[in-house]
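Here the structure is laid out as structure tokens; the discussion comes afterwards.
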């Protein structure tokens, strides 16, 4: 079961609980006793998933002998995918049709059982039943895939789904039994819609519909991942060639192996309901999988086995049509120890410039070479395709230093591609634009010539290729290369475009590579991998851990998310040539993908994995904030944060810092002093007030802006990551530099952000704020302080200009002017004889008199008095001003986030929530209010 379960006794009775296995034996460490208000943390490691257990719970007012409440419930153990599962006794005892335990069990069974449902149109004695599945087919599936240990347990699982309305009888009143009984699936059921999706499959012998259920809420480590479900889906009718040459129809499945826990087996049966094997091919015995070349129908699969296999030789299978054949070839090649030269070329990026004839000719000229671990590859005029193993790329540093590891080449990758680069005198490159195509059927892909002309050869001997393990490489020697180009000379220009010019173009159009110089680009190119996809092939599923960043080199893809409420896939974005996505994987490796990406036609991608990215940053000594500068600018543009609207996005990006947090990390706690502003670029933040979750923040939301403008402000809530998250942050010092020398500009932003919490100085520096504050003071007959502050500030600015012009050498005329100005201020506001006496301390008055009487007045003569007057007005007048209508006029003028009373009343009359008219807590808000679909589209997979 895994994870940790926290059980809290929230009722006013003593509780004891035991867990019994299916033989009614007590599960060790599950004999629990809880007093009222107590909590016990229990590990779920000893509970086996998909096994039935019985929870017995007793609640009484004292000892265990006098229980007054008994609870007993049988359930199938589920994956604890929450990791830290918290449950209250009242939730277990709740008298509901579907309690806490039943709901978790139901969600688990939907994910486990529904992938085995084969929905087809069924013919029963001439009558067609549309889109049904058969009970005994599903029971067989659950047994063979080890979801259920026996037919009885499989029937019990399915009976639960029937009672819950997920399965529906075709003929009313039928129970679920291991028999030939038709049922239908209610794919509109809420649990089904929130747990997965139905997708049409192509593995049937005839043309009837066949649907496969895919769970999308899975994570790779704790639940059935979509990749596992995809392997489960590989089952269907094929013909197997017997020893005597006859073709026999069998039902094939890829099943978990009994002998090797982490392995699989290709098993075949007489029919869809049989559990008795007719034979099997262990996937560990598969050496190569390819289409049989002599078969003109293109339907025969040849499985070559390793020499030590008990089966010996090869296994031949025949599919009903070429599409099904291709599907099985791709599925089985995942288990093959090696690929044939033809398949290596077909699965590589070369397929995008080669025709089928070129593929066969090129593959014939490849020579197999085995490389020992640690052996270097020194033939720089040779082209290589890696069939098996790993080849490391090392960068030779300065003299005397050992080469530094940069990245790895994995199977299907190639290196030495500079041998295909066209010289500058080649007539092929005289045209600024040309095209290449994979085949006559494939639309030509036009590429513009880039400005960069760097290749792998520009590094010369500074690049070292070394085998990281026992490897097999296919090499094309210079002699074979020239012979191939002699027959297909036109392909050299196409290869040059794909391997050099096209990559340069992609990098030039990728925002966060624009800051790189030519040498850095050349080094980055060595770490890129080509990744080819066939039409309708899934690159990754929503929820899978991400470790690669991708650029679309050619073709089109779609980014989709599952809409839980409507129970359907929603297309968020269509990707075309030069688009990029997934850069969050470079910053936070392993972050679950937020959407599914699938090719809508044959596509070619460039990928950069997180290990290579780290090596690149280390070797080039670049700062990640500089690399991501363009991306940060784009984020600010999209989020449209109001108080940043007049600030250059480039300057914002320069001041910002990228911060990453693991799940469960406190960004700050309630009561902490605040000095940073944050914006969520990926992940989710929980906002807690006094321990209670009040809001969730996701991509595009921001918080903590009050800390930028209010001194010594305390955080009003705790912000904690609920997922691994990436935030952009800017501190108070960095923010203030945007307004250096422009206090008026800063004052508008301060009032807009802080609202009723703003200090007095932003109000005084704001023209409208100063005017309204003066009007308030006049109504209180206390305008002398503000008049003195204006006069003293004007004096200081005037004297500063005089001093700056004189550059430290004040003449007699300048000195006299300064003293005259100071005496005017004193005569108007200081001392008993002043016309408009201001309330200053005796000490302050004496300091001013001494400076003026000694003719030593300067720009700082009234500076301390200014501060004293501001403090006095803040203490005595600011709170009253904030309660007045004048302050509300100021907030309306600057467009503050605080909603005034009239707006709140209007919202109440129209039954509109305050958040819909702009009031989203002064600390935690989203910049835009979008519809659900628009919000999904706004969160497209630039962060996938």
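A Cβ is built for glycine as well, from the same backbone N, Cα and C atoms used for every other residue.
Caution: TrEMBL annotation is automatic and unverified by curators.
Per TrEMBL, the features are as follows:
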| type | residues | note |
| --- | --- | --- |
| DOMAIN | 113-187 | domain 'DEP' |
| DOMAIN | 231-337 | domain 'PH' |
| DOMAIN | 512-617 | domain 'Cyclic nucleotide-binding' |
| DOMAIN | 651-739 | domain 'Cyclic nucleotide-binding' |
| DOMAIN | 759-891 | domain 'RGS' |
To the domain 'PH' (231-337), which of 113-187, 512-617, 651-739, 759-891 is linked by the most Cβ pairs under 8 Å?
113-187
Give the residue counts of the domain 'Cyclic nucleotide-binding' (512-617) per reduced DSSP state, in the order helix, strand, coil.
23 helix, 47 strand, 36 coil
Per DSSP, what is the residue count of the domain 'DEP' (113-187) in each of helix, strand and coil?
27 helix, 21 strand, 27 coil
Structural state census, the domain 'RGS' (759-891) (DSSP three-state):
99 helix, 0 strand, 34 coil
Pop the mean pLDDT for the domain 'RGS' (759-891) in here, whole number is fine.
88
